[in-house]
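Take a look at the structure below.
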Amino acid sequence: MTNNQTDRPRPPGPESRRFDNNDKNNRNRWGPIPSWAWIVLIVALLLNWLVAPILFPEGKGAVSIPYTSFKQQLENNNVAEVTTQADKITGEFKQAVKVPGVDQPVKRFVTHIPAFGDDQLMSQLDQKGVIVNVQPESSTRSLLLSILISFGPTILFFLLFLWLISKAQSSQQGLFGLGKSRAKRYNATESTRVTFDDVAGIEEAKQELAEIVDFLKNPQKYQRLGGTIPKGVLLIGPPGTGKTLLARAVAGEAGVPFFSMSGSEFVEMIVGVGAARVRELFQQAKKEAPCIIFVDELDAIGRRRGSSINVGGHDEREQTLNQLLVEMDGFDSRQGVIVLAATNRPDVLDPALLRPGRFDRRVVVQRPDKVGRLKILQVHTRNVPLDPNLDLSEIAAATPGLVGADLRNLVNEAALLAARRGKNYVDREDFFDALEKITLGAERKLLISEEDRRRVAYHESGHALLGLLLPEADPVHKVTIIPRGQALGVTYQTPEDDRYNYTERYLRSRITAALGGRAAEELVFGTVTTGAENDLKQVTEIARQMVTRWGMSKEVGLVYLSPDGQEDFLGPNPITSREYSESLATVIDRETRRIIDECYAEALSLLNRERQRLDNLAEALLREESLDEQQIREIVGLGEKQPEPA
């Protein structure tokens with residue numbers, strides 16, 4: 001079935017219009033020179049003529065003196081050297097002399113021979129032993145050269161100025177092209193086309209956007225019943241989940257032009273440039289309809305008006321936002337121009353931008369679950385030779401919390417490791433080594449003392465042992481005392497499945513296991529070190545959220561005390577105002593301390609009771625440096641881990 005929409009001749013785009021009326025454009029490339037431009041040139045030349053003698057006086061550093069003063073100093077044998085050029089004499093005194101009208105004594109001078117001449121001057125100079133230099137009179141060529149030196153820069157600057165004006169008039173974008181849109185246009189060709197098959201792990205988001213694709217392919221299907229497609233679709237989600245890729249897939253599936261621009265590219269230092277770029281972008285899109293406009297990082301221009309405390313760029317950003325609001329609500333939706341935008345800060349967007357008629361549909365792109373991660377890995381390993389025995393579902397299960405960008409990086413790192421090792425395919429070892437490198441950091445060749453190695457071994461053994469003994473704690477997959485990243489040792493714990501709810505018992509187990517390293521140091525050595533800094537940061541964050549967000553403190557009660565609207569996909573905003581009293585803040589601090597102290601006491605108690613297991617695990621770490629989960633269980637005597645019932 002032939003679609004009438006596709007048979008309609010497309011309006012000429014920028015490429016086809018570029019070579020129209022070529023001869024005419026070449027003949028009138030400079031265009032008419034405005035009358036004010038000639039006034040500017042005349043004023044510039046006059047200023048140059050008046051200022052040049054002041055900036056570049058003849059005889060640099062010389063003072064003009066009367067001829068009689070020169071003759072007097074010559075008689076006093078105070079003239080050291082002179083240079084003559086026609087009737088002009090420049091020279092230098094042996095000793096500086098006081099000249100009427102000049103505050104400072106004069107050493108270099110300039111004077112002129114009277115019109116009636118002085119026949120005795122040369123003999124007097126020779127008699128006094130004055131060094132005489134002669135310069136020829138200026139020729140016609142040197143005069144022209146002097147004129148070019150004086151007026152040439154001004155003329156060149158004026159010609160450059162006229163060229164800029166002509167370019168600005170021909171492009172109709174203002175001087176220097178500041179108002180021109182910087183949107184990049186992508187035409188869906190077979191070599192660069194992105195489809196929904198290239199996007200995996202976010203099936204719900206793809207289903208939401210399938211209607212947009214259907215509208216671009218079959219607009220009459222909706223228009224015949226009076227329906228209109230949403231003018232704006234806002235993609236919301238954490239960084240790396242595939243929002244930009246999803247937008248390009250929509251354009252690839254629909255087979256229409258795709259204009260992409262970052263929100264930060266609209267705003268410039270000059271007020272009004274952002275609004276001009278918005279207008280130009282939408283004008284260009286209307287000529288290419290049906291098409292898609294994609295604005296990445298919308299929060300750069302879409303922040304709530306009046307909420308910024310910054311002075312610089314504040315008015316410019318608001319003008320750009322106002323123009324965007326007008327354009328989205330000012331053009332006919334039946335023209336087939338759809339605006340997609342992506343952000344991970346939906347809480348800061350202006351309400352007028354989210355109202356029906358603008359960005360009235362919101363698609364949340366969440367982190368993929370285990371099945372989604374498996375599909376993403378299958379997409380990214382299409383062109384990667386894999387070990388036939390490799391099970392990608394095992395890799396997907398070991399990567400909870402990773403998004404599409406992380407998994408793509410994981411596949412690339414695994415392929416690089418396999419190539420470095422001279423393999424012909426990528427196997428399980430390469431994937432897990434790459435995962436450790438990404439999550440834990442690269443191994444460092446760091447020489448540490450035996451005492452520090454022993455402390456690190458007990459510190460990591462405390463983490464690992466409590467991770468095995470505590471109920472609901474995340475499984476321990478690996479422990480090492482090889483320095484990685486900024487840590488001297490690492491205990492790698494990840495949940496077996498994706499978690500969406502946390503019990504209080506689970507959270508306390510996480511705090512207790514995180515404090516196991518500090519507790520082991522105090523128990524074995526009697527002193528503590530700075531090695532638990534990151535552990536203390538983690539447990540403080542968990543305990544405070546238990547008190548302020550999740551209602552797990554009886555004294556504080558069932559209240560939510562974090563500032564409203566200050567958390568998003570990037571985490572809490574540090575610039576917030578506290579919305580509770582000082583007395584309640586004291587209670588929150590006390591309850592946070594209480595939870596941490598109770599968990600630390602439990603960690604000390606468990607490690608003291610299991611001291612033999614702790615010593616065995618630490619000694620094994622000192623020998624092997626790295627232990628996997630099965631080795632840890634055998635050393636502490638817990639036996640092989642039993643699989644969970646299906």
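Note that the numbers count up from 1, one per residue, in the order the chain is shown.
Quick reminder: no glycine exception, Cβ is built from N, Cα and C everywhere.
Lifted from Swiss-Prot, the feature list:
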{"type": "ACT_SITE", "residues": "Glu460", "note": "active site"}
{"type": "BINDING", "residues": "Gly237, Pro238, Pro239, Gly240, Thr241, Gly242, Lys243, Thr244", "note": "ATP binding site"}
{"type": "BINDING", "residues": "His459, His463, Asp535", "note": "Zn(2+) binding site"}
{"type": "COMPBIAS", "residues": "7-26", "note": "compositional bias 'Basic and acidic residues'"}
{"type": "REGION", "residues": "1-27", "note": "region 'Disordered'"}
{"type": "TOPO_DOM", "residues": "1-35", "note": "topological domain 'Cytoplasmic'"}
{"type": "TOPO_DOM", "residues": "57-144", "note": "topological domain 'Extracellular'"}
{"type": "TOPO_DOM", "residues": "166-646", "note": "topological domain 'Cytoplasmic'"}
{"type": "TRANSMEM", "residues": "36-56", "note": "transmembrane segment"}
{"type": "TRANSMEM", "residues": "145-165", "note": "transmembrane segment"}
Between His459 (Zn(2+) binding site) and Gly242 (ATP binding site), the C-alpha gap once rounded to whole angstrom: 39
Near-site residues: Zn(2+), ref His459, His463, Asp535, CB cutoff 8 A to centroid: Glu460, Gly462, Gly489, Thr491, Ala514, Leu515, Gly516, Gly517, Arg518, Ala520, Gly531, Ala532
Number of other Cβ atoms within 10 Å of the Cβ of Lys243 (ATP binding site) across all protein chains: 26
Which of Glu460, Asp535, the listed recorded positions, has fewest other Cβ atoms within 10 Å: Asp535
Nearest-integer angstrom distance between the alpha carbons (Cα) of Gly242 (ATP binding site) and Asp535 (Zn(2+) binding site): 32
Env. residues of ATP site, Cβ within 8 Å of mean position of Gly237, Pro238, Pro239, Gly240, Thr241, Gly242, Lys243, Thr244 Cβ: Leu235, Ala342, Asn344, Val365, Val403, Gly404, Ala405
Residue, out of the binding-site residues Pro238, Pro239, Gly242, whose Cβ gathers the largest set of other Cβ atoms within 10 Å: Gly242
Cα-to-Cα gap, Gly240 (ATP binding site) vs His463 (Zn(2+) binding site), nearest whole Å: 31
Whole-number Å value for how far Asp535 (Zn(2+) binding site) lies from Thr241 (ATP binding site) (Cα to Cα): 28
Densest Cβ neighbourhood among His459, His463 (binding-site residues), 10 Å radius: His459
Candidate recorded positions Glu460, His463, Asp535, pick with smallest Cα gap to Thr244 (ATP binding site): Asp535
Among Gly237, Gly240, which are binding-site residues, the residue with the most C-beta atoms within 10 angstroms of its C-beta: Gly237
